[in-house]
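Notes to accompany the following structure.
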Amino acid sequence: MAAPWRDVVRDEAAVREAAAVAVDAALLAGVLMRTGEQPHSSDVVNYAPFTLLPSAVPQALFEQAYAVQQDFNLLVDTISQNKEFLEQTLASTIKVDDFTARLFRIYMQVLEEGLAQTVFLGINRSDYMFDSGVDGTTALKQIEINTIAASFGGLTSRTADVHRLVLNVLGKTTEASRLLPNNPSKGLALGIAKAWELYGSQSAVVMFLVEEVQRNIFDQRCVENELWKRNIRVIRRRFRDVFEKGSLDDSRRLYIDGQEVAVVYYREGYVPQTYNQQNWEARLLLERSRAVKCPDIATQLAGTKKVQQELSRPGTLEKLLPDHPEAVARMRATFAGLYSLDEGEEGDKIAATAIADPERFVLKPQREGGGNNLYGEELRQVLEKIKDSPERTSYILMDKIKPQPALNYLLRAHSPLQVSECISELGIFGVYVRQGQELVLNKAAGHLLRTKAIEHADGGVAAGVAVLDTPYLV
């Protein structure tokens, strides 16, 4: 892949000047996070980490990722309505993974009671890397699809302007003009607003369900402000607020502090550490309600790694989407090799292969939020330990993708300015709304590029490893 900034990266004086401009531009544009020292206060903030220069992304692969997003939206929505598929696919996982099992129990309980919810909202982010073949070609390979709390749609809406300025400062005006506009926060808000409108109560609010520690609040505020512009009231509450103050009326309308809630937008709830007994009870209350959940619990289960692995099996996509052969072909073209570790001959064989050659694979548990995957020697040790135990079925194996590194500077507060060999991951945001059986909205809503130094195997921006970036199409 072409390295468009080779000359710039070597010019230390130009880099230092551009970095100073870039940091001020990021603060000015609102590319912000609260600090680790004061995560509950916006009195002291700093810029979110980002690259000094936009990273090269092959235009054909970028366009391919956008073209397939509506297909993935359709697929996730289809899976969320397919009880039999979810039951069969997650049968082995829920025996050994308590977190997935508890989500699944709520899912079954809500189905047995009968769904009160009639409008469904999905905000997904499908993440890819660019796999570098031995023949020098690059291919788009899907890492995962996030169906809950897919973040950084807000801050990435503001990052391109910073990179545009940096390129202008470096005398790269033609290149600066080629950076694409990108505003996922507007697209995400469009989906939330449509769901709110279809819910059908002008006085009802949208509730952002947020973490106890809210360092990434400005990312959420970008989406929130788009809703306020449409005169849609937004409140922010935690699970504990729902437990203490949430209630359902006879029609299973959800009320918090006396306010009817039309849409619950989860920015929390994807890791086991979130949940104590009262938070599980709060989650059940939300799921039983008529409010539009983003995601509802079926859609969260549709985003598990085990489902992703099952989708890569020959025939699975075809069975789920029999009337969409072109969509199936587009999605299948992005799949990396994914392998089941279920008990039996197939699982035994792939476990032995990975133990013998751990550098070929990534070991993935059923978790979101970054920083959970295992590589290399660590992968081998864990698999050795669990290879004869049912516990191995709580993981899947994936072929390790090998992108071509490029030089860049990763700007982090209070860190020295130094050049790093980096790799990037492209995320495409998708949003859809279904009312009953009709898909009334299905679109790609923008993109997110995250870049990290090659010494870090795993982890996103929130995990403190990757930084925000902007694609420069080549």
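Glycine is treated like the rest: Cβ placed from N, Cα and C.
In the structure as shown, the Cβ atom of GLU268 (substrate binding site) sits within 10 Å of 19 other Cβ atoms. What TrEMBL lists as substrate binding site is ARG125, 148-151, 214-216, GLN220, 267-270, ARG450, 461-462.
The annotation Mg(2+) binding site is assigned in TrEMBL to GLU144, ASN146, GLU368. Close to GLU144 (Mg(2+) binding site) in the fold, though at least 6 residues off in sequence, lie SER126, ASP127, GLY303, LYS305, GLN308, LYS364, each with a CB less than 8 Å from its CB.
As annotated by TrEMBL, ATP binding site applies to GLU144, LYS305, 364-373, TYR375, 398-401, GLU425, LYS452, ASP458.
Per TrEMBL, domain 'Glutathione synthase substrate-binding' is recorded for 204-302. For the domain 'Glutathione synthase substrate-binding' (204-302), the model's pLDDT averages out at 97.
Taking the Cβ of LYS452 (ATP binding site) as centre and 10 Å as the limit, one finds 24 other Cβ atoms among all the protein chains shown. For TYR375 (ATP binding site), the spatially nearest entry among the binding-site residues ASN146, ALA149, SER151, GLU268 is ASN146, judged by CA separation. Within 10 Å of TYR270 (substrate binding site), as judged by C-alpha distances, the binding-site residues found are GLU368; the full candidate list was PRO365, GLU368, LYS400, LYS452.
Of the binding-site residues TYR270, TYR375, TYR270 has the largest number of other Cβ atoms within 10 Å of its own Cβ. Proximity to ARG125 (substrate binding site), judged by a C-alpha distance within 10 Å, picks out none of the binding-site residues PRO365, GLU368, LYS400, LYS452. Using a 10 angstroms CA-CA radius around LYS452 (ATP binding site), the binding-site residues that qualify from ALA149, SER151, GLU268, GLU368, VAL461 are VAL461.
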